[in-house]
Amino acid sequence: MKKVLVINSSVSQLNNSDSLAMSNMFIEEYKKMNPNDEIINLDLNETKMSQKTLTRNNIAEYFNQEDSFDFIEQLKSVDKIVLNFSMVNWGIPAILKNYIDHITIANLTFTYKGSTDGNAIGLLSNIQDVQILATKGGTGTPNSAFTEYVKNIWEFLGAKVKSEIIINEMMDIPPYAEQSPIENLEKVKEQILKAAKNF
């Protein structure tokens with residue numbers, strides 16, 4: 001039995017989130033293939049930690065048991081991650097950045113000890129795959145920089161990102177702007193179902 005951590009970092013309302021709809025479809029299909037796996041849900045909108053931004057005024061107490069170490073222990077206990085988010089001002093949501101800052105800690109999730117080439121050694125090698133599900137605006141906005149950043153972070157921490165990144169785009173222009181998240185899934189439905197079966 002595998003443990004799958006599903007991280008929701010969409011800042012849209014639950015009934016209006018395209019990236020959350022992607023995640024829900026993915027997990028629904030995944031559970032059909034893996035009914036005995038444990039699914040753990042983490043909504044960053046509902047955690048105190050993800051509301052805290054690192055500053056010079058709070059750095060002394062920023063990394064603590066409740067906000068950092070408990071979440072790191074969770075990461076070390078799971079086998080796979082499904083992460084959904086949308087592009088916000090050409091970047092990732094602040095709650096996801098705050099989460100990343102809280103769990104990226106030397107000698108806990110990465111280390112330089114034992115490195116022979118000066119590169120960090122990731123300590124989250126237990127994570128066999130990270131599935132990234134993202135949404136963005138029209139084709140005029142950058143397509144991959146925001147997802148590549150997230151991919152690079154997980155790989156830096158030792159996790160494997162074997163699954164293809166799935167991006168559902170053009171959510172803010174007609175006809176997609178008038179459609180429900182479920183309707184907007186049609187463009188990437190086959191990608192999602194295939195990825196879930198191979199995850």
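Count begins at 1; order follows the chain as displayed.
Using the three backbone atoms N, Cα and C, a Cβ is placed for every residue, glycine included.
Since we're looking at a predicted model, the values are computed, not measured.
What Swiss-Prot records for this protein:
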BINDING   SER10, SER17, ASP18, SER19, THR135, LYS136, GLY137, GLY138  FMN binding site
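Mapped onto three states, the DSSP output places THR135 (FMN binding site) in strand. Its own atom aside, the Cβ of ASP18 (FMN binding site) has 27 Cβ atoms within 10 angstroms in the protein chains shown.
When secondary structure is read from DSSP and collapsed to three states, ASP18 (FMN binding site) falls in the helix class.
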